[in-house]
Amino acid sequence: MHERYVPADVEAAAQGDWRAADAYKTKEDSQKPKFYCVSMLPYPSGKLHMGHVRNYTINDVMYRYLRMNGYNTLMPMGWDAFGMPAENAAMANGVPPAKWTYDNIDYMKGQMQSMGLAIDWSREIATCKPDYYKWNQWLFLKMLEKGIAYKKTGTVNWDPVDQTVLANEQVIDGRGWRSGALVEKREIPMYYLRITQYADELLNDLDGLGWPERVKIMQQNWIGKSFGVNFGFPYELDGEQKLLRVFTTRADTIMGVTFCAIAAEHPLATRLAQDKPELLAFIEECKRGGVAEADVATMEKKGVATGFSVKHPLTGEPVEVWIGNYVLMSYGEGAVMGVPGHDERDFAFAKKYDLPIRQVIASEGQTYSLDAWQEWYGDKETAVCVNSGKYDGLRYAEAVDAVAADLKAGGFGDKQVTWRLRDWGVSRQRYWGTPIPIIHCPSCGDVPVPEQDLPVVLPEDLVPDGSGNPLAKSEAFLNCTCPKCGAAAKRETDTMDTFVDSSWYFSRYTAPDAETMVDARTDYWMPMDQYIGGIEHAILHLLYSRFWTKVMRDLGLVKFGEPAKNLLTQGMVLNETYYREDAAGKKTWYNPLDVTVTHDDKGRPVGATLNADGQPVVLGGIEKMSKSKNNGVDPQLLIDQYGADTARLFTMFAAPPEQQLEWSGAGVEGASRFLRRVWSFGYGNREALAARAGFDAATLGDADKALRREIYSVLKQADFDYQRLQYNTVVSAAMKMLNAIDGAKGATPAVLRETYGVLLRVLYPVVPHVTFELWKTLGYADEFGPLLDAPWPKVDEAALEQAEIELVLQVNGKVRGALKVAKDASRDAIEAAAVADEAFAKFSDGKPAKKIVVVPGRLVNIVV
């Protein structure tokens with residue numbers, strides 16, 4: 001055993017032992033309770049960042065703790081390897097996305113292995129491998145058979161210069177990110193999955209999940225079950241009587257309608273624009289906007305009057321129709337009723353275009369003004385109808401019922417439940433993704449690829465250049481034979497949304513070599529007992545994976561309907577930011593390692609200079625580590641300098657897993673210093689610790705009893721904290737243990753060995769390398785087996801018992817000392833001991849006790 005703790009040597013030795021023993025290869029075992037814990041699989045972007053380190057360490061700690069407690073634990077890993085970033089990198093570097101992706105996987109896998117993670121690498125998957133995405137294609141075809149997958153036209157962002165479809169994030173201020181061209185909206189045929197068919201189940205099943213309430217609420221809002229009224233405004237056009245249909249949750253405000261707004265793609269807009277150039281121009285302008293709901297929410301609200309009116313269904317009054325850029329054809333009916341008096345967006349629109357605003361809702365104690373929007377205008381909880389004729393005086397629910405009844409009686413509409421959730425469009429006009437298994441035949445139309453011909457393999461040697469989908473130019477991929485008639489045909493060149501890849505990978509981990517999509521092993525491991533990932537995945541990934549799981553269940557592939565029982569959303573890793581701003585307002589960000597910070601006498605930062613030139617930089621505050629702010633910390637540099645265990649210890653100690661973690665160089669140094677102390681104690685007491693002397697607990701001296709009492713008391717709390725995933729306080733407990741052991745005077749070697757062994761096991765899940773080596777070197781492995789499967793220490797309840805207890809001694813309510821009495825001392829004995837104590841004689845001024853108050857187990861107060 002070396003005197004000095006050398007992390008590189010210790011970690012290499014431990015990892016060598018684990019590799020030799022194939023320590024993390026896991027099989028099904030019906031004799032043990034199982035625990036399946038999964039970290040969301042990473043995108044192979046090139047290098048791990050500190051967010052990865054934190055996520056995987058949390059998973060690893062959980063795995064090791066539960067394995068020591070007798071669970072059959074599994075921690076797999078894979079790669080979410082398809083996607084647009086690989087295409088962008090390929091264009092920038094002139095290499096196929098496949099090469100860039102596989103090179104990154106190799107490097108990042110090496111980084112994970114250097115962290116000592118308990119990953120069963122025999123289960124590794126990469127979503128870009130044909131043996132994985134074959135099953136994306138297979139299930140897609142099953143969904144097609146069942147009517148869950150279907151084809152319809154959808155709106156996309158089209159770059160007219162690059163002649164390609166753009167993702168929403170590639171549209172910047174209405175222009176293509178590469179070409180700078182004004183983006184157009186286009187309708188193209190796309191495949192969709194009927195996630196709306198599962199809307200009720202997706203909503204209701206949230207109740208049974210051990211997920212953060214915040215995530216559940218986000219999903220509830222995204223699914224968006226709404227109770228309202230669907231009705232129409234009648235109009236006549238081209239000799240036909242029609243209805244302009246809208247849906248509203250605020251039918252109580254129907255008497256406040258002063259206009260209707262329709263989407264640019266609405267059939268009525270197209271018809272009204274036929275002979276009106278100004279309408280056509282506005283419709284074309286709307287088509288240049290983004291297609292994402294978020295884009296619409298933030299863009300400037302614009303509209304143009306059509307000069308056409310519909311009739312109010314209850315009053316018969318004319319209602320002017322406008323085309324609005326904020327109305328989406330893909331949501332609701334593509335038309336909305338404008339109630340500017342009680343909808344904030346409509347209020348702003350009406351003020352902008354000088355449209356009438358009517359108050360039809362009142363709230364007790366409030367005064368309505370047209371000057372500015374007030375929150376209560378839209379509050380249905382306090383709403384009472386006014387200026388609404390027969391509905392005056394009705395509250396929200398009563399008014400909705402009454403209005404709905406009248407609309408139904410008039411043949412205009414009725415109550416309806418609607419959903420914000422829309423079917424999942426899975427077609428992507430991109431190269432690096434799962435090919436959609438469809439063949440286009442001139443005679444037979446769209447023909448599914450036969451099951452025996454799966455997978456449709458994506459060519460890995462293409463290099464995108466930004467001018468359209470490379471698959472459409474690849475003759476080898478594109479040209480094929482129709483499986484129905486044998487005629488020449490073309491393959492579908494769209495690929496699947498990469499959220500498909502990540503919707504079921506956790507099930508494939510359980511049976512990675514199966515010749516079917518999943519097998520019986522999947523029902524052993526799934527659902528996941530714990531899923532770990534960032535809050536940014538709360539909606540799309542987590543919702544899609546829930547849907548995909550339910551489809552697999554309904555197809556008879558699995559027996560469960562939810563992918564994860566419990567979810568932990570770990571907090572972001574934050575760091576300081578520093579920048580300079582040029583005359584044009586452009587900021588250049590500097591890495592904290594390249595900056596020297598000065599502090600005031602209270603340790604607060606007051607200034608900073610760049611090391612390269614000694615000139616000032618601006619303190620930008622603490623923000624999430626990111627490339628854009630250049631405030632990331634390279635985990636590899638940290639591991640190279642301090643070792644993986646220090647990196648792990650700091651990330652677990654600095655904050656509870658679900659909270660944000662602020663990076664601290666001093667904190668990292670403190671973590672390293674603590675591990676050196678753990679090693680140093682083991683080295684300095686190696687002979688005593690290695691001796692396997694037994695002891696009789698009943699005959700131990702006071703020093704031994706006190707040490708054991710402290711260690712087992714702290715162990716009890718540490719065990720509780722492990723179970724509730726509060727790993728920061730687990731580390732605090734280990735620090736208390738080391739202080740107690742290191743400071744124990746007169747403790748015997750046998751008790752030191754026992755208590756140090758407890759410390760090593762408590763620390764092991766967090767810092768497995770150093771504890772594993774100390775355990776082996778000091779002979780614990782010979783007695784209990786390797787630390788990997790050593791039993792979790794049991795609390796010795798007898799050691800916690802105390803013959804004496806200490807009570808606070810007060811005189812006239814002021815603390816004057818402490819009083820030691822037998823644990824089972826009577827009240828009379830406690831009172832006698834109190835008045836006989838030196839403190840009473842000193843602070844009573846010779847006066848006798850008038851009254852003695854005893855609070856059992858806590859204090860004695862003598863009143864004189």
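Glycine is no exception: its Cβ is also placed from the backbone N, Cα and C atoms.
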Of the ranges 69-73, 494-498, 624-628, which one does Swiss-Prot flag as motif ''KMSKS' region'? 624-628
Among 42-52, 152-162, 460-470, find the range that Swiss-Prot records as motif ''HIGH' region'. 42-52
Tertiary contacts of the motif ''KMSKS' region' (624-628), as residues 6+ beyond its ends and Cβ separation under 8 Å: 49-51, 572-575, 589, 663
Residue counts for the motif ''HIGH' region' (42-52) under DSSP, helix then strand then coil, are 3 helix, 0 strand, 8 coil
What is the total of other Cβ atoms whose distance to the Cβ of LYS627 (ATP binding site) is within 10 Å? 10
Work out, from DSSP, the number of helix, strand and coil residues along the motif ''KMSKS' region' (624-628). 0 helix, 1 strand, 4 coil
Averaged pLDDT score, the motif ''KMSKS' region' (624-628): 90
